[in-house]
Each structure stands twice: as C-alpha cells, then as structure tokens.
Amino acid sequence: MRGMWHRDTVAWIIVAAMLPAAVTAVIELGPQTVQRFGVALAVIGFWQVVFLFTRAQPVSPIATVTAAAIAILAPGATEMWQIVLAASFGTVIGEQIFGGWGRNIVNAAVVTLAFLYFAFPEVTHIGTGPWVAAAVGCGAVLLLVTGVLSWQLVVALPMGLVLATLSLGADPAAPLFEGSLVLGLVFLICDPVASASTRIGRWIYGLLAGALVAIFGWADAGIAAPQAVVFAALLASLFAPLIDAVAVAVATRKWRRVDA
C-alpha cells in the first residue's frame, strides 16, 4: 500500500474509530472493563514481541482494538486467567501464525471470544446498551468516510440480518439498540482484513454474515446476544476466501467471453 494507506495508518484509523465505543463501554460496564483491557493488551503485546524476534513480524497498533473488543464482549464473570489463556490462543492461532495483522484470515478478537464462549459456556454476557451502539455508529462513520469500512458491507450486513430476523419471526429493530451486537458487526464482521475483498464478494459476505447473526442468535440466547455476532464473524470469515475466489473466477470467465 502507498500513501496514507500504509498498514499502520489503517490500523490507527480503526483505533480512533474504536475509541468512542471503548470510553462509553467503560462508563457503562465499570472499571473491570479497564482491567480486562490492560490484561488483554499485555498478553497480545507479549506475543507480538515474541513473534517480532522469532519471525521479524512488526508490532501493530491493532492490538489496542483487539484488546478493547475482548474487554467489552467477554462474559461478565470471566476471570483474568481465562482472558490470558483465550487472548494467547486468539493472538497466536488467529493472527500471528499467518504473519501478523494484515495477513490473517480470521480476526484475533473473534478467535479469542469464540474460545471463551466455547471453553467457559457457563459464563454469560450482560451486554451493553444503546449508548455504546451510538458510539460505535460514530466510529463507523469515520471508517466509512476514510474507506476502511466498505459501503457494500454496510448495506448488505443489516439487509441479511433484517431479512433473516423477519423470516424467524423476531423483531428486526431490537438488535439495533444492543451495543455489543453493533460493535461486533462493525469491528469484527466488517474487519477489512478478515472480510471479503471483492465487490460482489462483499455483498455475499455481508448477506451471509447478517443471516448467520440472526440464526445463531435465534438458536442460542437471542438475536442480540454477543455470542451470535462472534460465531457469525468466525464462520463468515472462514468462507470469505472462498467467496472471493468464486467472485474472481466468475468475473474472469465473463471477461474472457467478452474478449472472445
């Protein structure tokens, strides 16, 4: 990338977009959020330094966003040792083994939170309210204006969520006021690295991810449950490379027919 679109520049834009949501979440959830953030950031930073010396992989400011997402979306009664274990797993398996942020196929925070939800299912999340959702919206505007957030995803994701929610007989407006869900939609599912990168692929990815949020939420603890958006982000990101590959293959075949 050239000009302003250096990897770290994009990372700092995402950090700035996360800041309003993080501050609002601390006010709403209390000082334990700051403690979780500090522990998660220390663990992520440790593994970044380890891989910096072993593989010369650069340290990325995106660790701040990952730690904030973990602190906000981790279940309320999660112990610090559980966060250390999960953040280590998520950082190494979800990001560093692929070459660091920018090369990973899944979001490190998604892997961390999925680990917590699977390994400690007895711990529940209380969620956050509409003020956090509004703060996330402010950050989303910054990401959209700078081009970090794709407008195709902004349209396709809620479209898939609403259509699937209606088909399940639930209220499509309810998730819009759940801060944890909105945060997951913007910073986990719409991750510019882990999401689809082709135009048509973004439409398909967004529709798929939105539908998965509704399906997982309906089958588990409700449409607005943080678990729903985490599991949807994990599954959709695993399909993103395949979606892009199919989109490129279809476009290439179409161009060849035109040339012929």
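Glycine is treated like the rest: Cβ placed from N, Cα and C.
Annotation comment: TrEMBL describes 34-53 (among others) as transmembrane segment.
Here TrEMBL flags 65-89 (among others) as transmembrane segment.
Listed by sequence, the residues of this chain that lie at least six past the ends of the transmembrane segment (101-120) yet keep a Cβ under 8 A from its Cβ atoms are 7, 11, 40, 44, 60, 62, 65-66, 69-70, 73-75, 78, 82-83, 85-87, 89-91, 93-95, 187-188, 191, 193-194, 226-227, 230-231, 233-234, 237-238, 240-241. Taken from TrEMBL, the feature transmembrane segment covers 101-120 (among others).
Among the features that TrEMBL reports, transmembrane segment is placed at 132-153 (among others).
Per TrEMBL, the feature transmembrane segment maps to 173-191 (among others). Within its own chain, the transmembrane segment (173-191) has Cβ neighbours under 8 Å at 14, 17-18, 21, 24-25, 28, 65, 69, 72-73, 107, 109-110, 125, 127-133, 135-137, 139-140, 143, 149-150, 153-154, 157-158, 161, 165, 209, 213, 217, 223-226, 228-230, 232-233, 236-237, counting only residues six or more beyond its boundaries.
Annotation comment: TrEMBL describes 203-223 (among others) as transmembrane segment.
Positions annotated as transmembrane segment by TrEMBL: 229-251 (among others).
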Below 8 angstroms Cβ to Cβ, which residues of this chain, lying six or more residues outside the transmembrane segment (132-153), approach it? 10, 13-14, 16-21, 23-25, 28, 72, 176-183, 186-187, 189-190, 192, 195, 199, 202-203, 205-206
Intrachain neighbours beyond the transmembrane segment (34-53), with Cβ under 8 angstroms and 6 or more residues off its ends: 22, 26, 59-60, 63-64, 66-68, 70-71, 74, 78, 80, 83-84, 87-88, 91-92, 96, 100, 108, 112
